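Here the structure comes first, spelled out in structure tokens, and everything after it is commentary.
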Amino acid sequence: MLLQQLPEDVLYQIMSYLDCRSLSRMCQVCRSICVFVNRDAVWRRVAKQFLNTGISRDGKDIYPHIPLKERVKIAQNWCDGVCRRATLLKWKTKLLPWLQLERDLLFLSQAADIGVHRLQKDSGRLQRNPSQIYSGHDGDVCRFVLTDSHLISGGSDGRILVHSRTSNVSTQLSGHNQEVNCLDSKDGLIVSGSRDQTTKIWTLTSKYPRDTIPMYDRVWSVAISPTVSSFVTGTACCQNFSPLRIWDAERLECVCSLGSEFRRGAGVLDMVFESPSQLFTCGYDTFIRLWDLRLSPRLMTAAASSLLPPVCMTARTEP
């Protein structure tokens, strides 16, 4: 009896004894075996043995639209140090770009402009020349954020530009008198932070800030909660208070401060919500922190573990 004539449950049992290299070689036997081996069910056991394959601890597949075989291949290459270096785009070395990938579009800031580079489906390469350019700042673009309908950018000129992604209409928001270091937007709400030591709250329908919060320190990062009920600010940590604070989006009151062991000057450079109750932050103190916002502020103490010298990961878990 030929191998491909065996019942599928028997084939699954045979494949369960093979590692990723053996499974790859099985794909070269014949077309019918290749089709069977490429199934996610065959690679699930192998995928659990690698990091970043999208299989969570409880066995849930986070990225079902990407074949498991391809994810295992990428994870193995990272583990073994197998990579290929290529220069996709070039920019001036003295300017720090900000970029964001959305499906097959790469948004890249260069000086005062934001270019849109399309990923070519046939070759997998990025178009050298941008298919669209968003402009309007008098200085460099410090940060931008994408929504379904708009591209919102903050610049060193202290202005915020709201570009429509469906038309050529742009709206200018004026309120900061120094560079806009950070901003975030969800459901029509915009929160920005600036070197002028203020955080401002805007709406897409207004040209002037709805509210202003004095921070008494330079604001490096902001993030709106997925529930849009609160937002978090990160400052330069040059004053005698925690650089991480959670604010109520309606009352604009400080709900709580996160952490107490920040070194002076170790500001929070960036942050992102992993979920409504989990927040990732990183800063000048070379630490990446994962905050569990379900805990009481007095229980939010960090336990550090080495990730890559001198970068560390600190995590908070429920007692």
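Placement of Cβ uses the backbone N, Cα and C atoms for every residue, glycine included.
Annotations in TrEMBL come from automatic prediction, not curation.
Here is what TrEMBL records for this protein:
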type	residues	note
DOMAIN	1-46	domain 'F-box'
REPEAT	173-212	repeat 'WD'
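DSSP labels the residues of the repeat 'WD' (173-212) in these numbers: 0 helix, 23 strand, 17 coil. Secondary structure of the domain 'F-box' (1-46) per DSSP (helix as H, G, I; strand as E, B; remaining residues coil): 32 helix, 0 strand, 14 coil.
Model confidence over the domain 'F-box' (1-46) stands at 83, taken as the mean pLDDT rounded to a whole number.
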